[in-house]
């Protein structure tokens, strides 16, 4: 540790270890100074002179429930005539004695009320926190037709309560690890004690506790700190906003990572298949679910390969195209001056622009995107002979298909990979395209997420519910995913 | 951190064997056999397999008996350091020559059929570069990758079979012995080392989850490969008939070239190139990796992945020496196979003999 860091840490430790004094005035003076009372407009410091003694309350008026404060704390203190301990006067469920200033600080930051009494070297922390957050709403990014509709919100207690409702079991553990220093915030790991693999759990805890950064405020940032390959195209943690999805994963033996201020949570370890699965695949009946998966699989292949194949085939293997189609393509390209690869890249980039702008644009301006996209980039570009109509069709197809992805993280992977393949196809036709696919596939099968191969259970194979491209009939699923090595493999 | 150690199992072994041996149905090997055997081409691999079976079984028996060793360690254990090095090196050289010659053939095929205007060396460089990069990732990646891509390859194989069978006339299989039994036997035995990879694959004996996985995998894969090769060769014989078959160099591609799918898709051979090219890539990735592994095992190089680049490049340079495809295929490949064959047929017996000799007092 550097000397200046050591100095800083020592000062903080000293401050935290300071004991609460018997003298109320000393305590009040110290805390008012620490919390800049008077400058901080929502910091309240209030003396209560009751018949039984003199009390002092500290709290942030913006983070506590003021109604409960006046009904259950202020009123009893004012009315109590006998001199009995504070925790027997105050009628709230959450009250705990504290002895040093570190706890006072922590309590105040968490939204508690701190009570001091004249003549007692002890304070009381009363948890009346009332942080404001959104109500539970419908899932916006992972929609389903059949199945539960609620989604996580930015409040951790609410989120955990939703999970507890779904898995009412004493084995569901919500464990806290703190991360960061300014201030240290808790990261909550949710898992089933009798399922989750110890090694994986240990690995996740180690990765979280080895983060050295001043603060991490939400799960989206945390994800980038704990993943193995930050530069990789492939996400190794699943990001989901649906409590039903999380409870499905947790009850299979996966581990969920949650934080306050995030309306989503992370699942680890994860394989590539989970990114292609929608929770709806389990809610729909077997045939319908598999049909929907088939369509999605088709969409992935289209989005990855259709533009690249068009470039490869028209440039290098035109003998493959049936004569009539070849003539059609040739005649549509007759007046287009650009080489095919530029044409395709131009349109692909235009599509990406529309997409990016569509996400960022304020919603009242939304319709503009449609006009610009459809008219200018589509029709006008064709009429101006900058691109051929067939390229517009192909790019629209591949762009549309990329949105069939069940998860937002994998959507980026698909879209970036598509550009790699298009460029590869322009070098040496199918030879370089297939080579690029092979390299890409070799990379996918070689990476792992928290010790689990990214492509399991297809390869390397283990006992599992074989939920890959297609799923089985639910009744026949016997094993939990063996690749994450849960403590109990058997579902039945 | 890896949750499961040695994760590869039976399925990966089956596809590895299938890729290395079975896909010889689609390269230039049938042309090599067809040169003499004519329309009895499908009987030649049967003879070869029958001829390879005893030495192979003996090798597998020895490996099973000495549980802890792979191919090179077994040779060292039985023959001692000096003799073991010589024999293993000979095996390595056999494999190396075979790989170089095969690779040149495939490159010529690719060049001639799909990229006639490109220089061979350019295609060769791209091909080899990709092989080297993937081979560097290790056996687990290779095994998994092979399994991940096998659906495409199987789909291609089935499609080719259906398409070819529409054009096949089964009577063309007669005369059943083609040029006569002698030609078949001589050809089958002398060129049986065209399938020598099955011996070299035993270097991976310890690399699977259990050694049982390896054994089941290699037997299943071997049987599947035999079936595939014989079926494919029979189809070639039925499609091309006597006297035409020995004038065609690329039977697989030619057979897809002459058929059409309805009136709309008239030229579909490039469709079948996808699976073929994938399998070719994978075949040489596995072959290259295994050769480097053997070399590393002989000279006790732990991190033999570093050898992949030099071995690959040397093999490319050497294989570019023959002036043309026909010389490469018909002179060099044929001669080299005839030289290599006895080595591969005899060495398991040699090992077996030493094993018996060493244990003579114990039973």
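Here the Cβ of each residue, glycine as well, is placed from N, Cα and C on the backbone.
Listed in TrEMBL:
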- B:12-34: transmembrane segment (TRANSMEM)
- B:40-63: transmembrane segment (TRANSMEM)
- B:83-101: transmembrane segment (TRANSMEM)
- B:121-139: transmembrane segment (TRANSMEM)
- B:146-163: transmembrane segment (TRANSMEM)
- B:183-204: transmembrane segment (TRANSMEM)
- B:216-236: transmembrane segment (TRANSMEM)
- B:271-295: transmembrane segment (TRANSMEM)
- B:307-325: transmembrane segment (TRANSMEM)
- B:337-354: transmembrane segment (TRANSMEM)
Maximum Cβ pairs under 8 Å to the transmembrane segment (B:216-236) - stretch from the list B:12-34, B:183-204, B:307-325
B:12-34
Establish whether the number of Cβ pairs under 8 Å between the transmembrane segment (B:40-63) and the transmembrane segment (B:183-204) reaches at least three, counting only pairs separated by 6 or more residues.
yes
Can at least 3 Cβ pairs under 8 A be found between the transmembrane segment (B:12-34) and the transmembrane segment (B:121-139), with each pair 6 or more apart in sequence?
no
Is the number of Cβ-Cβ pairs under 8 Å between the transmembrane segment (B:307-325) and the transmembrane segment (B:337-354) three or more, considering only pairs separated by 6 or more positions?
no
Considering only Cβ pairs within less than 8 angstroms, which of the stretches B:121-139, B:146-163, B:183-204 has the most against the transmembrane segment (B:83-101)?
B:183-204
With a Cβ cut-off under 8 Å, give me the same-chain residues at least six positions beyond the ends of the transmembrane segment (B:271-295) that come close to it.
16, 19-20, 23, 26-27, 71-72, 88, 91-92, 95-96, 99, 102-103, 106, 110, 113-114, 127, 130-132, 134-135, 139, 142, 145-146, 149, 152-153, 155-157, 159-160, 197, 200-201, 203-204, 252-253, 256, 301, 304-305, 307-308, 311-312, 315
Long-range CB partners for the transmembrane segment (B:121-139) (under 8 A, at least six residues beyond its ends), listed in sequence order, are 8, 103, 106-107, 110-111, 115, 145, 204, 207, 281, 284-285, 288-289, 292, 305, 308-309, 312-313, 316, 320
For the transmembrane segment (B:183-204), give me same-chain residues lying six or more residues beyond its boundaries with a C-beta closer than 8 angstroms to one of its C-beta atoms, as numbers and ranges.
13, 16-17, 20-21, 24, 29, 32-33, 36-37, 40, 43-52, 55-56, 59-60, 63, 70-72, 91, 94-95, 98, 139, 177, 214, 218, 222, 287, 290-291, 293-294, 297, 334, 337-338, 340-341, 343-345, 348
